[in-house]
Amino acid sequence: MFRIVAVPEFSIQTVDARDPSSSEAAETLAALREKLSPRGDLVSPRGRELTLKVFGKALSPIEVVETICKDVQSQGTEALLRYTKSLDGAELTADTLRVPEEDLKAAHAVADPKLIETIGRIRDNIATFQSAILHRDVTITPRPGVSLTQRYVPIPRVGICVPGGAAAYPSTVMMTAIPAQVAGVDEIAVVAPPTPFGAYNTDMLATCHELGIKEVYRCGGAQAVAAMAYGCDALPAVDKIVGPGNLFVALAKKHVFGTVDIDSFAGPSEVIVIADESANAAFVASDLLAQAEHSPGSAILITWDESLLTSVQAELSRQLGELERGDLARDALSDFGALVLARDADHACELTDSFAPEHLQIETREPESLIAKIRHSGAAFLGHHTPVALGDYAAGPSHVLPTGGTCRWAAGLSANSFLRSGSVTQFDQSALSAIAQDVITVAEKEGLTAHARSISIRTE
């Protein structure tokens, strides 16, 4: 049920990119790409004030993260609790940091039965897809006496970051934990801010219990990432950290990479919608607003139909008044949104590849022909009846995706993200003798005579 909300007039930039010689259009699109690129220097006025209060001086976000990580690494639980108090306003102890199992059970008991039933169905969808794509061991015998295997082993212990600032995200628990469970991860630790939308949120805790997660900690931000990476008395170290978060979480994950593995360096959520004259303007506008309400969230329409662009602009204005978070979506559209007019479908695909968006939605008569021309997107949604929200909540692939143009080389989270691959090689004596001289020749050319000797000693 929608309600009418008073939203001030909004503006969204329109870009006519049809003229290849237009420097203005090229510069506008380049500036938008730069806005969406991973940055370590963008922080709100409130964030700057809090930094000054906690650290006693103005620090960049990167400097804040480096300080927090260093302190947690050297001081352990004491630093974790101190930063949880100063940054999140929660005074906890080593005993109250972890959510008791009784609280998880209690949250599950009072949760909306409809939510629990929904979690069950979504879990089946996610598990079905993730199981289907899971890597299996592969063994080949290229010649007699030789066995070559690529084996996959689940990462033993994983940490999951769940946001909890402006909203509760049980979907993030599902989209990270279920792929990990499908992969066979033994231990899963969830961290969430000590807020009403985080580790004190009934729906989030009930989701954890329904999925069999027993480790949930009331901490967030860079201090939680550092604790999971380095380990402390109250929170044992993990092997990999996944999940979304704010700028400080993203920078902290980047900082601890190498001590542990991470999924990606995530920024604001983003979508590009490619649409033609067959698209429903109301549908397109709703899809753009679905990303914009993340705030910050980027929403870009690329079309070669000028009348559709005009209709979508009108629909955005109308639908903003129906959204509870309409003011946030309006600001995001103003800062990170665009309506782009392309020359044709091929040009739209070129522009899309230049952004390498997190989400790509194609609302055209023949979406399959366009997706074949696009190389860079985290997740693609084809047709008029496949909104991104399906992928956010229920379809099966994980909604944890690379952003800020990193889809050019990074992949979204999946069950395979929680596997470590390794090879297993076995030769019998005859097979070794057949290849021995090749190994010896290369080893001697490199001056590694001990390598060569380890072969020849077995074949002489």
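Quick reminder: no glycine exception, Cβ is built from N, Cα and C everywhere.
Going by Swiss-Prot, these are the annotated features:
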type	residues	note
ACT_SITE	Glu358	active site, proton acceptor
ACT_SITE	His359	active site, proton acceptor
BINDING	Ser269, Gln291, His294, His359, Asp392, Glu446, His451	substrate binding site
BINDING	Gln291, His294, Asp392, His451	Zn(2+) binding site
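For the pair Asp392 (substrate binding site) and His359 (active site, proton acceptor), the C-alpha distance works out to 10 angstrom.
Ranking the binding-site residues Ser269, Gln291 by how many Cβ atoms sit within 10 Å of each one's Cβ puts Gln291 at the top.
In the structure shown, the C-beta of Glu358 has more C-beta neighbours within 10 angstroms than that of any other entry among the recorded positions Glu358, Glu446. The 10 Å shell around the Cβ of His451 (substrate binding site) contains 14 further Cβ atoms across the protein chains shown. Taking each of the recorded positions His294, His359 in turn and counting other Cβ atoms within 10 Å of its Cβ gives the largest count for His359. Counting Cβ atoms from all protein chains shown, Asp392 (substrate binding site) has 17 others lying within 10 Å of its own Cβ. Glu358 (active site, proton acceptor) has Ser269 as its nearest neighbour among the binding-site residues Ser269, His294, Glu446, His451, going by CA to CA distance. Across Ser269, Gln291, His294, His359, Asp392, Glu446, His451, which the record gives as binding substrate, the greatest C-alpha separation is 57 Å. His451 (substrate binding site) sits 49 Å from His359 (active site, proton acceptor), taking the C-alpha atoms as the reference points.
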